[in-house]
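Below is one structure; the comments refer to it alone.
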Amino acid sequence: MTLTDDTTTAQNSRHGDPIEVARELTRKWQTTVVERDKAGGSATEEREDLRASGLLSVTVPRHLGGWGADWPTALEVVREIAKVDGSLGHLFGYHLSTPAVIDLWGSPEQKERLLRQLAENNWWTGNASSENNSHILDWKVTATPADDGGYFFNGIKHFSSGAKGSDLLLVFGVIPEGFPQQGAIVAAAIPTTREGVQPNDDWQALGMRRTDSGTTEFHNVAVRPDEVLGKPNAILEAFLASGRGSLFGPIVQLVFSSVYLGIARGALETAREYTRTQARPWTPAGVTQAVEDPYTIRSYGEFGIQLQAADAAAREAAQLLQAAWDKGDALTSQERGELMVQISGVKAIATQAALDVTSRIFEVIGARGTHPKYGFDRFWRNIRTHTLHDPVSYKIAEVGNYVLNQRYPIPGFTS
C-alpha cells in the first residue's frame with residue numbers, strides 16, 4: 001500500500017466509530033501478540049496498521065482533518081489497544097500526548113499547521129524528554145540559541161518512547177550557561193528525520209519490549225523558530241498559572257491509567273478463556289470443572305470488582321478532563337486541582353488493580369499456564385515495568401494531602 005493509499009484509507013475511516021476501528025485492529029493482532037512480545041524489537045507492521053486506520057488523528061479537530069473525538073473516546077481506544085498489546089497501547093497513548101501539547105502550548109498558527117499536517121499525513125509522533133541523570137528534571141540536553149531565533153539541540157535523551165519510526169518528535173532542552181535565560185526549558189516539535197537526530201535501537205527492559213523506548217541523540221540539530229512551542233520556560237509558566245496550559249500532567253497520568261486498565265482487562269479475559277477451556281479443578285473442590293471451583297470463582301470475583309471500580313473511576317475522570325479541556329482559558333486553578341486529585345486517585349487504583357490482577361491470574365490458570373507458549377507473563381511484565389514510571393506512592397500522597405489539608409497537587413509534568 002502506498003502512502004497515498006494509506007492517507008485515503010485513513011481519511012475515509014474517520015467517519016466511523018474509532019473504538020470499533022481499534023477493536024478491528026486488535027482482532028488482527030491477537031493471534032501474533034505472544035510471538036511478537038517474545039521477539040521484542042520494533043512494532044513496525046502494527047504501527048503501520050494504526051497509521052492506515054486513521055486513529056493517529058483521533059483527537060485532532062474535525063475541521064483540521066481529524067476524528068474530532070473527545071477524551072473519553074480517545075482513552076477508550078487506548079484501553080482497547082492495550083488490552084491486546086500493552087506495547088502498542090503504550091505507544092498510542094504516548095502519541096496522543098503530542099497533539100495535546102501542540103494544542104496547549106503552541107501558537108494558533110502552529111496548532112493549525114501541525115495538527116492539520118498530522119491528520120493529512122497520518123503522522124506518528126514520538127517524545128524525547130526524559131534523561132538518565134541525578135533526578136527526573138536534571139536535563140543536560142542543551143538548546144543553544146541560534147542567530148535566527150531558533151536553537152541547536154545537543155545531547156542524549158533516554159526513555160524516548162516511540163521516537164524511532166516516528167514522523168514528528170517532541171523534544172525538550174535547556175538553554176546552556178552563558179546565554180540569556182540560561183537554564184530555561186525550550187520545547188519544540190521537529191521532524192524526526194531532521195539531520196542530527198538519531199533514535200537508537202537500544203531499548204531493553206522487563207516489559208514494554210516493543211515500545212522503542214531507548215535513547216535518542218541530538219547532534220547539533222537545527223530547530224527553526226516556528227518549531228519552538230512558546231517562549232523559553234513557557235511550560236513552567238503554564239504550570240504556575242495552573243490553568244488550561246497545565247493540563248499536560250493530568251492528560252499523561254490518565255493515559256497511563258488507561259494503558260494499565262487495558263492490560264489488566266486483557267489479562268483477565270485471556271485467563272478466563274484458559275480457565276474455561278484448559279484449567280483443571282483441584283481435587284478437594286469436589287467438582288469436575290475448574291469454572292465450578294469455589295476458590296477460582298472467588299478469585300475472578302475479586303478481579304472483576306477491582307477492575308469494575310477502577311474502570312468506573314477512570315471513565316468519570318475522563319469526563320472531568322473533557323469538561324476542563326472544553327473550558328479553555330476559563331479553567332480555574334481550583335477546577336484544575338480538583339481534576340488532578342481525581343486523576344491521581346485513578347492512577348493509584350489502576351496501578352494497584354493491574355498489578356494484582358496480572359500477578360494473580362496464575363492462581364486461576366495453574367502450573368501448566370506458565371508455559372511460555374501462552375505468554376501470560378507479558379501482562380505482568382508490561383504493568384510492572386511501566387508502573388515504575390513515576391512512584392504511585394506520590395499519587396496516593398497527593399490525594400491524601402487534599403483530603404487532609406485541602407491542598408491540590410502542584411502542577412507539573414507528572415501531576
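Quick reminder: no glycine exception, Cβ is built from N, Cα and C everywhere.
The range from 33-44, 129-140, 201-212, 273-284 that Swiss-Prot describes as region 'Lid loop' is residues 129-140. Counting every protein chain shown, the Cβ of Tyr94 (FMN binding site) has 25 other Cβ atoms within 10 Å. Cβ neighbours within 10 Å of Ser130 (FMN binding site), excluding its own Cβ and spanning all shown chains: 18. Look at Ser160 (FMN binding site): DSSP puts it in coil. DSSP assigns Ala128 (FMN binding site) to a strand in the three-state reduction.
Sequence-distant contacts of Asn132 (FMN binding site), defined as residues of its own chain at least six apart whose C-beta falls under 8 angstroms from its C-beta, comprise His158, Phe159.
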